[in-house]
């Protein structure tokens, strides 16, 4: 009798054990099958800390047979750009590029002085309002670095009165070249008055043309390293953009710390190719550059981590000059081993018919281009309590 009871107990235990194993196995199998449908996507791996290898060729995509294009040849050979006698690089380029004389005038002018990256501030002490350094007690969370041109008075004033107006944690600066220009009106007295009135103009003594926008980036990075090294983020933006500052600040404050430390955020172009049609604004001759562009954020506006300023300067000293500022920035980030991050709230090819649509802008971070008049109109209507979207 006892043996029979023992057998029954043992049988029951074995049955329960088998049932437990079956349930666990079927549950695990179901979860594995269900994962692709219902599981959260894997988080994007954070950018690593910046590094700068001795040989940048592999980082910059030059792993195959070396192209005969001048930029590619220079990048393979380049150690560091000359810090003295910077005109030599351009003189050599003019002599070694066989069809240099056929290049567009703007590109020839750029190449002749492309290695020259040290320019004095245009307004000496006493002749204008020098831009104050960031104090220890007033370090901006977000620096608004707006690329402008001396004659763009209306655009600068529209920015000051709208998205560039004082907000806790932000500071506004405009980046300009010399107001002397080439054959244009003499704007020195007007720009000097503006600098004294607002104290937000960083002016350098170089020719302010589109191909020199890279200079504004590099000189800003130098200024940051000396005068505002602890800024958290820098928005580098054109003066014809519209920025939703509250939304941008909110987004930046929610970033994981690892992302924030190496941020390069905007509307990202990947696998872009040079335009080969002569006469276009972004024409690049095959004898100058071969290959695809790096992933880069559109120059209409993007955000970088402030702590990367000295790193980007080191990278720029070892990346051969390139005429387009946003593409060149992409090369420098690629040299550091850092990838850009795309955000759908950055739209830098904004259609003209939507520039007076506050509901469309309300959910975005940055749109470009927008005229000064539309910038003011948008700003006034974006914050109307009665706005129904």
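Cβ atoms here come from the backbone N, Cα and C positions, even for glycine.
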Quick one: which of 14-35, 36-57 does Swiss-Prot have down as region 'Disordered'? 36-57
How many neighbouring Cβ atoms, not counting its own, are there within 10 Å of the Cβ of residue 212 (N-linked glycosylation site)? 20
For residue 212 (N-linked glycosylation site), name the DSSP secondary structure in the helix/strand/coil scheme. helix
Between residue 55 (N-linked glycosylation site) and residue 212 (N-linked glycosylation site), the C-alpha gap once rounded to whole angstrom: 27
